């Protein structure tokens, strides 16, 4: 053990008098109260990077404070510009640790967290913070972001402290600080000092793996990552003099003995309620609200089932009660519910609470614990918790934490423990995460609870892992693990909370749970194993960090400047990389400082052209119009447009007299006795796009389609308009509505209220080409009014035989071919005629008995039939209106007589409509889908007009525009996906051309960033919003129940369903919530629609009309600064023969083959800019080729074909196969070695698929792209020339028959279908990277290990495992895979 240090960081006499009075007197030196191991750890930390691995409560923070005092002279202002950083994993720890440092040092401490808006601070703001800040306490993400933005430099930090350093793993912010900044600088030749590293943790293992053999490996990994060595003590006994250790005990509970019958009854009850409420949602909600509500009810159901099995009926009921609180408008999954959904969720929870309460016995909980457990009121585990707590009733000043796994468990245990009268003297609180949600708690709530716990006002806290680390919780005399620890770290930290003398740490374990007992023993031994392994590794130096991006090393070549110095003449020439806008710099001067002089001049020239900032840093943000500063929300709420052709004032519409008519014919549907069509009458002509048009109805029967044809104008008087209006209102209300009152109110609403403005058009049934006025006149009359006596007969009937109905006597002719409703069960029926049966006829029952119809209705419905001799009506359920645009396979329904035949007494029926033909019912059931498609087509025509005359000149079919605006979520016969793929490639192609031409001094990296900003989803979304494009997007599946019936466009409260949008002169039906990416996809799909039907000019002008500031020059001129002959460097003739193209400017071919490492005098540019251009050209060429070659392929297949052909591996394979690798100019020995290694293999076969060119250096693929760019420029931007030449190199091309699926995707799909678990593990041993793929399939584990770059090795390993799995599972599905 080392002796105490002498200097604690005090300042000297000189140079500090001006600031000395501003500082308070220094606090007492904490070393005077430090323990021996703390002083020993401090000495180790001063000498080198150290990780202090000590128990919770052993004073690790004090070691950090002493280290800060030791480093005070290095960070104190104004003598030093460096500072110390204290990193903590959670926000709550920022203020906590900052206060500790302030109490024990005289350093200026500043604290930072995300709530301060630090994400939006610029370099100037951070500089102002560092003016006087000496110790900065913050979360690690803030430091990582600042390092990435170069606001901080690692060398400016003198001391870097990591609290809870076990979080340094994977890609956490702790780990990224080391991987991205510390280790690169550690391995570089830079002389800048690195900060001293000090880490603190109570557990070095943060893993679920309890295998003791892996402890050494994990400790070594964290040491290597943090470049530090672990300091710890020999055993717990070395600390026991200073730290009280809890007595760990295992408390057993029995298995649940609740009867299986009771459990089954309760579970059945939950399932029934869940099904009931989900079915209710289908009738009341739609779209995103419906899915949202269904998901939440399903999640709640799983939560209640969890509580039932693990906690008992009482707590399951309590969980339902908590969720039913009205103020709890947020689900505990953290997503805000819309107003329509909140009520359904609360109703569901309330009903679950009522039903579960029925299973609870009367009486106070806890009066008879064994009986409660026996009856399932509480599980044995909960009973064990209560029994255990009651054993500590004698304890004075109880401080207890009960650790649970789930938030809901902590919430419901609080009222349970509070309600037990034996615990009435104890105050119980729960604590869970501060995320938004169920009974959400803020950090202020947490602080108040902990403070009450400290003062003894709260005795028991039921907490999730939030109390394992972070908050400064007082020492406890009792800690109970209700749920087992998930990791070693969790176990050690929760045990560390029991730090009082004679404290207990209790583990609740099932009596027969062997695994839990084994884990508990391993947990107990883990601390000592970690100490022993840490001490054993103490003499082993830290190893360099493994390179996790090893695949890049195969082709990455570091560009270094080259100096040509002539000491005799005093001149120096600096050669910069070929990608630099300045490539050579010449100076004359004094020999001893020639390098410095030429570098200064190079900086001046680079700064002059904007390649360096004023701070002489690379300019990564090029200020230009092409890089807008865009922030777009993930979801955008926009109005959904409605066509103005369908909107008018009903009063004025009925007086027009002249109406434009379109005949709508439904084809491919069942043949009826007298086929009918529909006549659509409108206020205006719809234009040339609707003179004659047709579209399919994939949701109907095979080959169902609609033809729409303009047939001229007709004259209608006001009475005829009213008759037609009544008819369509009645029949459509009946077909769409499923509630008698709803339909009746809708029909009455028509008569009672005149709509000032709304959806206005007429749908007139045709018979033999003529309007069926007879059917409309009588079937739309208000029969439902019982006092309408003149309607007891139809106009031509002489029959005096009246039948008694619910609304009085009616003639047989009225009842035949009518629509009736039976109020006793609220069901609609279509009446086709009369049966030779009456109330006394016999009705066979399912059980074999026979009753009369009179007895049946009396027994079943409590109805007495008084008109026994009336014939029964032959009824059937009416055809349901559904979404016939939905792209699902049509299944032929049974004939009504086979399935829906029913016998109805007339006296139980209320006539809704009569007469109504079966033909009219059938075709009008298609009307909502037909009119919605016409509505969308009208909007597509409107969009064509809105885009302006320059775009309108191109004849793009309306259905093609509609395809571009229809998302996959609509589930229709077409979607925008294929057009989006095509438009995306053209957008990249045009943007790349523009940037390549406009910014000739910028290298490929800057151009790529500019392109990304130009065509990012955020940029495209902003363009769409600015162009008022979003309202045209068809983003949700059509729901016929939401379709507006002409005339009935007010809701039940009298609110309009159609509104006028003054800013853009459009009408809106509703508001929709749409993701910004979906909007961007629609822009790309529109570009694809214009490209595929009208060509490149049309697509480009569309992009311009949307506001894209780009140009599309027919040629891109090439400038030459130096004249040279390409033949002196490459074999031009041989290459031209290989490519099938003769260059006009062979220097372009030379540039395309020149690697950035080639510093020999001659070529002035490397291939990077040409690669940037060629990449976009090839991507577009392949996409266009596959889109036109396979017009009927699915969007998924189009994407797979494109991916299989357009990737660097395929290009690299083609380059080697053709011998292009022999012509590449480079000066990198490393690249030469890698190429030689891989080129020793055989490269034949096709150049497509993921296996083509695997492992080849990236430069080989880059050359294919750069040559494509060179040919494109040389041929004056002729894509056909490029395609012919590149096709020679890349053939044979992928086809739908030859494409090979991605093995990672294939393995995932195979395992998902069987619920197999897949894991991937990366290894790096002796410089060789590998990936192990494992699949747990029942009792069998399949695994494969493959070496190589990470992505490639993962695919190879997946392929091998998938092959073994298929061989081991010889079923039909496996064979298909």
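Cβ from N, Cα, C; glycine included.
The region 'Disordered' feature in Swiss-Prot is assigned to 1-30.
Feature annotation from Swiss-Prot assigns compositional bias 'Gly residues' to 1-15.
Under the heading domain 'Helicase ATP-binding', Swiss-Prot lists 41-222.
The Cβ neighbour count for residue 55 (ATP binding site), using a 10 Å radius over every protein chain in view, is 23. Marked as ATP binding site by Swiss-Prot on the basis of sequence analysis: 54, 55, 56, 57, 58, 59, 60, 61.
Taken from Swiss-Prot, the feature motif 'DECH box' applies to 163-166. Per-residue pLDDT, averaged over the motif 'DECH box' (163-166), rounds to 91.
The domain 'Helicase C-terminal' annotation in Swiss-Prot covers 388-561 and rests on sequence analysis.
Summarising the annotation, Swiss-Prot assigns domain 'Dicer dsRNA-binding fold' to 534-626.
The domain 'PAZ' annotation in Swiss-Prot covers 798-913.
Under the heading domain 'RNase III 1', Swiss-Prot lists 940-1095.
The helix, strand and coil residue counts that DSSP assigns across the domain 'RNase III 2' (1132-1276) are 91 helix, 2 strand, 52 coil. Here Swiss-Prot flags 1132-1276 as domain 'RNase III 2'.
In this view, residue 1262 (Mg(2+) binding site) is surrounded by 27 other Cβ atoms within 10 Å of its Cβ, with every protein chain counted. As annotated by Swiss-Prot, Mg(2+) binding site applies to 1171, 1262, 1265.
Residues annotated as site 'Important for activity' in Swiss-Prot, with similarity to another entry given as evidence: 1258.
Taken from Swiss-Prot, the feature domain 'DRBM' covers 1302-1367.
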- Comparing 388-561, 798-913, 940-1095, 1132-1276 for Cβ pairs under 8 Å with the domain 'DRBM' (1302-1367), the winner is 388-561
- Task: Return the member of 1171, 1258, 1262, 1265 nearest to residue 55 (ATP binding site) in space, with distance defined Cα to Cα and candidates limited to these recorded positions.
- Result: 1258
- Item | Packing count at residue 60 (ATP binding site) (other Cβ atoms within 10 Å of its Cβ) | 23
- Query: Which one, 41-222, 388-561, 940-1095, 1132-1276, has the most C-beta pairs under 8 Å toward the domain 'PAZ' (798-913)?
  - Reply: 940-1095
- Note on the structure: A correct count of other C-beta atoms within 10 Å of the C-beta of residue 1171 (Mg(2+) binding site) gives 22
- Query: Can you tell which of 57, 59 has the most other C-beta atoms within 10 Å, given these are the binding-site residues?
  - Reply: 59
- Task: Helix, strand, coil: count each for the residues of the domain 'PAZ' (798-913), based on DSSP.
- Result: 20 helix, 39 strand, 57 coil
- Note on the structure: Excluding 1171, 1262, 1265 themselves, the Mg(2+) site's Cβ centre has within 8 Å the residues 1167, 1168, 1170, 1172, 1174, 1175, 1211, 1261, 1263, 1264, 1266, 1269
- Where the distance is taken from Cα to Cα, which of the recorded positions 54, 56, 58, 60, 1258 turns out closest to residue 1265 (Mg(2+) binding site)? 1258
- Item | Summary of DSSP states over the motif 'DECH box' (163-166), given as helix, strand and coil counts | 2 helix, 1 strand, 1 coil
- Given the binding-site residues 56, 58, which one has the fewest other C-beta atoms within 10 angstroms of its C-beta? 56
